[in-house]
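Undergrad: Could you have a look at this structure, given as structure tokens, before my questions?
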């Protein structure tokens, strides 16, 4: 309900026909309220105020201002149309006087003097009123004693106590805890205070509208009735003896800020409630002793499991009490804070729509990775960071084949015997047939070929040859053993057993993502495709099979991670290359799927050349497919493929500037990437100076400018210390990651040793920047890295401050970026205002080469750039 003017007292009211005139205008307030008076001559101007189909006969005192009339109009709206009022109504209305003699019937009232006796004044809503204004209607909360059990309409929990258990809104009648008052959105409907538009404000009788049929109201009545509708304020010390306490909801400015936030699906987890709680979707009690319902991990929304699918995607992120703290209250790091990470997530089941547990430990083992010798300083060489997973798994419900198998590989010629279990996604090598602990997983998506035995060079002397080979990108597995035990026996040997495994694996390598899921005996198999959502044109189609729109290549794996596998594909009609991210609901129940949903919800709200484009999404009962544009490679491949294992400064400036521009767009939308690393910076082409785009928003969070979060996210090697120390973080988290990316791009190593304190390492310049290779890198680059790798968040550079750093404000970089914008046909990195500055820079430096000759200004790096371009084109 709208906050009406705070000074309604003294507002005039309309006289009624036949009422005796008062002795003077000053005595109007002293008369009984039930005896309204007709004003004496000279005491004011009487006229009608019309709002829609409602008219009120009012009196404007002499020497009144236009503000007086607006206050009166707001009071009428608050009483007769409370559901139409909103915060700031006074500043959003215009007054027009009806003038039948003019060609323009409505004349704008600019001052109170424009209103004459008997005029009809129309109240019109200004065009400056926005949709957000209509959504802000503060509650009028008073302490209330309930005679029957009641529940809070904000958190769903029961209002406990014998008397004065909670707060009731006088406008809409909803009930709240006192502790929830600050969190209550200003969305009062005003249903309890609404009056019929045909009812006069001064009378309880219903009357028909007429030119003078409305009974007048005294100023005292109008003041009292209007005050009843205003949001309450806490009583002052002078009124401490009052029997009622008054409360207001959360600040209006907070509501305006929250309306601009991107809304995402709720993160539901199964929850056990210790207090009686109602479902906030259906308003019915959550019954049971434990695991009664679902609770959103971020906003604490409660609902039944059956109601989860009907809950709108309107989560605004973590509530203030659950992690967002004002920036000025955030403390710097102390030794006491450096404790081990605590696991925030429950071990209970998770339902669709929930975010996955974020693994934050280094990989426990990597078969096939050659150990690179570290330098004497103990620097960690740059590599693709692999998130660790617990080496346990549940038995798949779609097991295709299982049994004991003997095997060895080209990396390890020692024969091993494990219990293999093949399902539709991978081959799992278990320690035995009764445990869920496994030795290794071989994803089917990584198997390039299954060939008969042909390479016998690695067969140990005196042993039997293998039966067939499983070839992956890094490892070749030699499976089976020709003579020996019975087929399929516990020894894992035998030609027949090996032949059966070879056939089963070949069948599993077929495009299973396009096949129908195996159905139970007696059940009719159903179609995979059920729903298609097009992001580009917002079209939703049912019963659309993804195979009819896109050709997916299961053997073209573009990447894999915690959130699924990305396959290459092609649009059937246009031949356009695409990337398809797949989540298997059956194998990965809701964890990775929920992160994917969060990524889709965020990408739907983003349209920027520096962010990967989301085309559409398909969902089936078993899988979720997200179709995105296919890019050439990632920034990590570019770094690793360079001749020296690091990038030249010129190219690093070019790439970092693009990353910062994309981050600026994200932060403007209050979105923090939270997992920025070279693997998530994709290259659009094989050019030596390519366009880059940010991807993988599975960890992304919606964080306000002065808000903090505490959820554990991201990849440890690129994470800021506030996350690793389980403290609140904000959008500066991404800026730390940019500093790490700069460091690894210029040096080819990670900046920190995980065994030593980050503070000590940063303060030790000799450790952070050894002579090789940093003696060949400019001091400007080191200065920018130092300002990004600040442990104290308030000292860390922002996006705009980083873009303004002298190291990035370089003429050659500007030329490279302008050339890229010319190829793209869109100017989104540089700005027109920079043109004059750089033109002046060229004119002042007469020795500066022309634009076409600037490529020769960096001769030491040109050889590197040429070699790098050749390697990128091969990737």
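The backbone N, Cα and C atoms fix where each Cβ goes, glycine too.
Features from Swiss-Prot:
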- 1-33: region 'Disordered' (REGION)
- 14-24: compositional bias 'Pro residues' (COMPBIAS)
- 87: phosphotyrosine (MOD_RES)
- 138-188: zinc finger (ZN_FING)
- 224-247: region 'Disordered' (REGION)
- 265-315: zinc finger (ZN_FING)
- 398-510: domain 'PH' (DOMAIN)
- 408: phosphotyrosine (MOD_RES)
- 439: phosphotyrosine (MOD_RES)
- 552-808: domain 'Protein kinase' (DOMAIN)
- 718: phosphotyrosine (MOD_RES)
Undergrad: Taking the Cβ of residue 408 (phosphotyrosine) as the centre, count every other Cβ atom within 10 Å, in any protein chain shown.
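TA: For residue 408 (phosphotyrosine), the count of other Cβ atoms within 10 Å is 20.
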Undergrad: Would you say which of the modified residues 439, 718 has the most Cβ atoms within 10 Å of its own Cβ?
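TA: Comparing the modified residues 439, 718, the most crowded Cβ belongs to 718.
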Undergrad: About how far apart, in whole Å, are the alpha carbons (Cα) of residue 718 (phosphotyrosine) and residue 408 (phosphotyrosine)?
TA: 35
Undergrad: From the DSSP assignment alone, can you count helix, strand and coil residues within the zinc finger (265-315)?
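TA: Computed counts for the zinc finger (265-315) are 3 helix, 14 strand, 34 coil.
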Undergrad: Please report the three-state DSSP label of residue 439 (phosphotyrosine).
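TA: Strand, per DSSP.
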Undergrad: Kindly state the mean pLDDT of the zinc finger (138-188) in the predicted structure.
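TA: In the predicted model, the zinc finger (138-188) has a mean pLDDT of 88.
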Undergrad: Do me a favour and check the Cα-Cα span between residue 408 (phosphotyrosine) and residue 439 (phosphotyrosine); whole Å is fine.
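TA: Spelling it out, the Cα of residue 408 (phosphotyrosine) and the Cα of residue 439 (phosphotyrosine) are 13 Å apart.
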Undergrad: Let me know the DSSP-derived helix, strand or coil state of residue 408 (phosphotyrosine), please.
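TA: Going by the DSSP assignment, residue 408 (phosphotyrosine) falls within a strand, counted as strand.
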Undergrad: Mind tallying the domain 'PH' (398-510) by DSSP state, helix then strand then coil?
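TA: Within the domain 'PH' (398-510) the tally stands at 17 helix, 43 strand, 53 coil.
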Undergrad: With DSSP, how much of the zinc finger (138-188) is helix, how much strand and how much coil, in residues?
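TA: Breakdown, helix to coil: 3 helix, 14 strand, 34 coil.
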